[in-house]
Amino acid sequence: MPLLEGSVGVEDLVLLESLVEESLLKNLQLRYENKEIYTYIGNVVISVNPYQQLPIYGPEYIAKYQDYTFYELKPHIYALANVAYQSLRDRDRDQCILITGESGSGKTEASKLVMSYVAAVCGKGEQVNSVKEQLLQSNPVLEAFGNAKTIRNNNSSRFGKYMDIEFDFKGSPLGGVITNYLLEKSRVVKQLKGERNFHIFYQLLAGADAQLLKALKLERDTTGYAYLNQEASRVDGMDDASSFSAVQSAMAVIGFSEEEIRQVLEVTAVVLKLGNVMVADEFQANGIPASGICDGREVQEIGEMVGLSSEELERALCSRTMETAKEKVVTALNVMQAQYARDALAKNIYSRLFNWIVNRINESIKVGIGEKKKVMGVLDIYGFEILEDNSFEQFVINYCNEKLQQVFIEMTLKEEQEEYKREGIPWTKVDYFDNGIICNLIEHNQRGILAMLDEECLRPGVVSDSTFLAKLNQLFSNCFRICHYAGKIRAQAQAEGNTGGTWGKGQVLGQGCGVTYNVTSFIDKNNDLLFRDLSQAMWKAQHPLIRSLFPEGNPKQASLKRPPTAGAQFKSSVAILMKNLYSKNPNYIRCIKPNEHQQRGQFSSDLVATQAQYLGLLENVRVRRAGYAHRQGYGPFLERYRLLSRSTWPRWNGGDREGVEKILGELSISSGELAFGKTKIFIRSPKTLFYLEEQRRLRLQQLATLIQKIYRGWRCRTHYQLMRKSQILISSWFRGNMQKKRYGKIKASVLLIQAFVRGWKARKNYRKYFRSEAALTLADFIYKSMVQKFLLGLKNNLPSTNVLDKTWPAAPYKCFSTANQELRQLFYRWKCKRFRDQLSPKQVETLREKLCASELFKGKKASYPQSVPIPFCGDYIGLQGNPKLQKLKGGEEGPVLMAEAVKKVNRGNGKTSSRILLLTKGHVILTDTKKSQAKTVIGLDDVAGVSVTSLKDGLFSLHLSEMSSVGSNGDFLLVSEHVIELLTRMYRAVLDATQRQLAVTVTEKFSMRFKENSLAVRVVQGPAGGDNSKLRCKKKGSHSLEVTVQ
C-alpha cells in the first residue's frame, strides 16, 4: 500500500514487502506504465526515462515542492533538489548531487531540472539573475561541443561534468566552477555505424550563413567531410540550424566576445578539414617507404586559417623528429603513421579546444577571492557502459562508476550509522557487497591494471596490446583477485604462433556482472601521444587560440620528460573528485533507461534488471532496511496519526514524543516493531507502517462522515431560516400591496361619483337658464364650420399624384383624425388606380413578378435589395439568335420564361460544370453549353421544392419528386447569377401549371437526395464577403458537402 492516496505501487522501495529483484522491477514497471517515473529509496531518487514530455514540471510544481517536506508529496526530482538547497542555505552544509546512469537514461535532463529548480527558488536581483543565466546557458554550449548521437541516445554526453555552484550566506548564487572528465576524443575521427560526431560540426554546417561558411572555407553538405558519419547526418527531433543560433547566443550571454566566438568556430573548422587531408605512399631515394599529401588544397586552406605555411604543416604531418640529448634525427612516416599523426592532431586540437571552452566559462562564472561561500556540486557523469566491443574508454568509465558506487555505499552506510548513533538506536552490522576489491584491482599503485598499463607503455622494447594482456594474465594467475578478473587469448592464434595477429580480451567482474574489454588500442589510447613536430607546428601558427592550445610546442619550454598517460591523468582526476565528494553531503539521482529503442511506454525488465545491478539498487535498499525500514520525526508523525487516538484528537497539549507513545500504545503495536529515538520514531517492518496507514484511512472516512453529517444539518437549518425570513418578507409586501390596490380602487370610485354628481348639478343649473335646443343647434353649426374649413384646407394642400409620395397633411383637430386617415387611404388608392390605368400589360406583368419576388425573398435573402431596381430580363443568353436552343422548348410550350447560363455542382466531388437552363410554362430544361442538346428535362409537376441560402450567393437546390423518372437520380444543386428572378418565375410557372405553390425554403443547411442516399449541404460565409460572391465547394466525407461563400 502506498503512503499517499492515489499513488501507484510503492513510492519508497524501502517499504517493499518482499525485497527481491522481481518485486523491485515489478514496482518500477507498474509506476512507469502509469507515468510515475520517480521512485525513492530513502532519500535516493530513481528516475526512469519516459522518452516524452510529462506535465510535472514548471513554476507551478516548483512552488508546490518548495512548500513541502521530502515525503509529503509524490517522489520528484524537485523534492531532492529542494532538500539539498534548504540544507545548504539553512544548515550551512555543502551539498553534492550525484547523477549516474547509462547513456540515454536521462542524466543530462536531470541535471538541467536540478539547476532550473535551484535557479527558480534562490534569490532575485539583477546581479543574481545574471549569474543564474550564465550558469544555465553553459549547458547548451557544453552540449554542442561535448554531446553526440550514439546508438543508445540522440544527445549522449561524451564527457563527465562536475559543476560546483557557489552561493552566498543568503543562498543566492555567486558563480561556479566546471570540471570536465575524459572527453571521448576518439569520436572526432571515427564513429560507429548509426552514430554521429559531436553536435557542433553538424550545427556549424547547417546553421552558419553563407558568408561565415565562406570565411571558414567550408561547404554546407556534410557528405564532403571524412570525419562525419554519412549514415546519420540528421537526428529526429533535433534542429541543428536553430541549435547553432542558440549556442552563439549562449556564448554571448556567458561572456564570450565576438572575436573569441569566431576563433572557436575557426578551430572547429580546422578539425573538420583535417579529416579531408589525404595521405599517399611515397618512397625515399634509398627505397624506404614514406608518405606525402595527395591534394595540397586542404593543407593550404588549413594553413591559411591558422597562419602557417602549407609546407611546414605537411612536413609536420609526414615526418617525425627524434631528439635526444646529443642528436636529432628526422624520420619519414609511412602512410599509416601519417594518418595516425593526422588523427592524433585532430583529436588533440578538439580535446584542448573543449578544455579551453570549459576554462573560459569558468573565468566568466568564477567567484571573487575572499568571499564566504557555500557550495552545491552537481555531477553528471557517464554510467556503466557495456558494449559489444568495450575498449579503453569503457574501461575508465566503468572504473569511475565503481568508485562512485563505492562512495555511494560507504556514505549511505555512514549516514545510516550516524543517524542511529544520533538517535541512540543500537547499530547492527550490515552485510553487503563491497566493490573496494574491484577498485583496488584497477587502481593499485603497483599491481593494479592501470599501473601495469603505464608500466607496459614505458617499457623499452617491443610493446603491444598482446604483451600487455599476457602480462595481466601472468600477474593475476595466482592472485586472490582472480575471482574478479578473467583473461583469455585466442587459442588458435597461440597455436599458430602469430603474436602480431593475436587479439585478447580481459574480463573484470563487478556489481554482480562481468564486462569484457578488448585490449586492442589500449597502449595507444593510454599513451595519447602527439608528435613533438605537430605541437611545435601548432605553436608556430599565427592563430592566437591555436597557439595557446599547444604551449609545449614552445622551443624554450621544450622538455624531454614523457607526459603523464591518459590512464594516470584520469585516475588522478577521479581521486580529486572522490575527495571532493567525501567533503560534501551527498544526494543521489539514479537514472534508468527503460528500453533500448527510446520508445515511450516500453519497459524491458531484463535491461532494467541489468542497470539495477550496476547501480546497486538492491544493495541500497538492504542497507536502508537493515535495522528499521521507516523513520520519522515525532512532530510530523504525531500530526499525521494523532487522529487515531481519542487522547490526541482533536487536540493534544503534551509533548510530541508523549503523543506518539500514546497513539502507538492504544494501537497495541508490538514493542519489537518500534524504537523511540531522541527526535524520531523508528518502525522496523513495512507491514506496521501499512497498518498505521490503513487505520488512518478508515479513521479519515469516519471523520469525513461526521463532518458531512454536521455540515448537512447546518446547511438545512440555514436554508430553513433563510426561507422563513423570505416568507415573512414576501407576506408583508404582499399584504401592503393588496391594501394599496384596494385604497386606489376606493379613491377612484369616490372621484367618479363626485364627477357624476357635479355634472348632474351643472346640467340641472344649465337647464334653468338656457333652452334645451339652442345648445345643440349652436354645437352643430360650429362643427359644420370646422368640417368645411378642414375640407377646404385639405383641397388646397393636396400632395402630388406620384404613387411614391405618401405625405399627407395632419388633421387640425383630434376629432378629425379618423376621417383624415380614411381620406388619406382613398386618395392613395385613387393615385394607385390612376397609375395602373396608365400602365401597359407588360409593365403590369413586370410589377406582379416584382411583387411575387418581394413576398418570397424580402427580409430573407441578402441579395434581394440589389435586385429590386433591376428589371427582370428573362433572356440572358441571346436565345433569339440561337435556333438550336429554340427547338429544345417544343412547339406547345409557348415562350421561354427564363433562359440563363447556370453552373451545376457535382454532388460527388463538389466541382462545377456549365449548363444552360430554359424555363418554360411546363418544363425546366438543362442543356450542354457546347452541344446545345437537352441533357435533362424536368416537368414542373415533378418539382417538389427549392432550397436557397440567405447569403448573397446564387446557390439553390432543386428538389424533385421521388416518383418522377428524373428524380430517381437525386436533386440538382445549381448556381445562378439571377437567382431571385429565376426562382420568382419558376414559382409563378409552377402555380400556373399545377395550381399549387412551390415550396421555397431559405436556409444555410439543407439535405439533397443523391442516388439512393442523402447529401447534407452546409453553406458558410467566408472571410471576404463582397458583392460578387464566389463559391468554393468541398466534400466532407461521403455524405456531406460544405460550400464557402467568399
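A Cβ is built for glycine as well, from the same backbone N, Cα and C atoms used for every other residue.
Copied over from TrEMBL:
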| type | residues | note |
| --- | --- | --- |
| DOMAIN | 8-697 | domain 'Myosin motor' |
| BINDING | Gly101, Glu102, Ser103, Gly104, Ser105, Gly106, Lys107, Thr108 | ATP binding site |
| REGION | 574-596 | region 'Actin-binding' |
| DOMAIN | 861-1045 | domain 'TH1' |
| REGION | 1025-1046 | region 'Disordered' |
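Taking the mean position of the Cβ atoms of Gly101, Glu102, Ser103, Gly104, Ser105, Gly106, Lys107, Thr108 as the ATP site, the remaining residues of that chain whose Cβ falls within 8 Å of it are Asn49, Asn153, Ser156, Gly383, Cys591, Lys593. Averaged across the domain 'TH1' (861-1045), pLDDT in this predicted model comes to 84. Sequence-distant neighbours of Glu102 (ATP binding site): residues of the same chain at least 6 apart with a C-beta under 8 Å from its C-beta are Arg152, Gly383, Phe384, Glu385, Cys591, Ile592, Lys593, Gln611, Tyr614. Residue environment of Ser105 (ATP binding site) contains 24 other Cβ atoms, counted within 10 Å of its Cβ in all protein chains. Cβ environment of Thr108 (ATP binding site): Asn139, Glu143, Asn147, Asn155, Ser157, Asp380 lie under 8 Å away, each six or more residues apart in the same chain. Sequence-distant contacts (6 or more apart, same chain, Cβ under 8 Å) of Lys107 (ATP binding site) comprise Ile99, Thr100, Gly101, Ser157, Asp380, Ile381, Gly383, Cys591.
The Cβ of Gly104 (ATP binding site) lies under 8 Å from the Cβ of Asn49, Thr150, Arg152, Asn153, Ser156, Lys593, Gln598, each of these being in the same chain and 6 or more residues away along the sequence. Long-range Cβ contacts of Gly106 (ATP binding site) within its own chain (separation 6+, distance under 8 Å): Ser47, Asn49, Cys591, Lys593. Each of the binding-site residues Gly101, Ser103 was scored by other CB atoms within 10 A of its CB, and the lowest score goes to Ser103.
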